Ligand SMILES: [Zn+2]
Ligand SMILES: [Zn+2]
């Protein structure tokens, strides 16, 4: 009985760990589907509101742009999840020197900028943070895919928000009434209480998700750009010192690889990292100031 309970708990825990990824996948595909519909049908809520007539070529350009962004999001996510940033299987060498520590959980000497993740249950090379949306750590080996994924999520959500502007206009065309405001703020409750149709709910929900998602992803994306330019990880951000700052160009190279200026365009473009994630060039004092 105890072992059955443990098995059920274990399975439930695994499910919960994958829940954010499944939810994100669902949202990304729903938004892409809705925006494709807007492009193809040009009818956000009511057919009578069709004003623009886009040429077939213009529609094709929009669809290519959408699926290029979707492809990049999916591909970078897959490569991010498949690329282990941990110390497992990595030869760490002698394991002694400035900045090296001993991890009692992994029972190993770990290099500078490496730290233990209690969610992944392993030490991660140049650990940035544990990403709850992917359920995996962001570290030296998978940072490029993480940042490219954020870039395309940001651009995709910006595009979807602009495309959904018409949905907001249609909802608010009756004026800023309690009904229209509630539909935008709490579409779920409006649907359950029978105040709106499933179609109006779907458009309002996706338009809301685009705006909220865009604001959230913007904050993450620009924060990581800021850190990358400063040559810091999220964990090092708390310190006012930047001992690993190599200057803008080399910071970009050490985060995105040798071909940092083009590799973000497609995950297939190879971009070897200049370092090994174990040894780092130090340009300042490693002593903490606070
Ligand atoms: Zn460890
Ligand atoms: Zn982790």
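From the backbone N, Cα and C atoms, a Cβ is placed for every residue, glycine too.
According to TrEMBL, the feature transmembrane segment maps to residues 168-189, out of the candidate ranges 168-189, 234-255.
Cβ atoms under 8 Å from those of the transmembrane segment (60-81) belong to residues 28-29, 32, 35-36, 39-40, 54, 134, 136, 138, 142, 145-146, 148-149, 152-153, 155-156, 159, 266-268 of the same chain, restricted to positions at least 6 beyond its ends.
If you look at the transmembrane segment (21-40), the same-chain residues 6 or more away from its ends with a CB under 8 A from one of its CBs are 54, 59, 62-63, 66-67, 70, 73-74, 133-135, 153, 156-157, 159-160, 163-164, 166, 202-203, 206, 209-210, 213.
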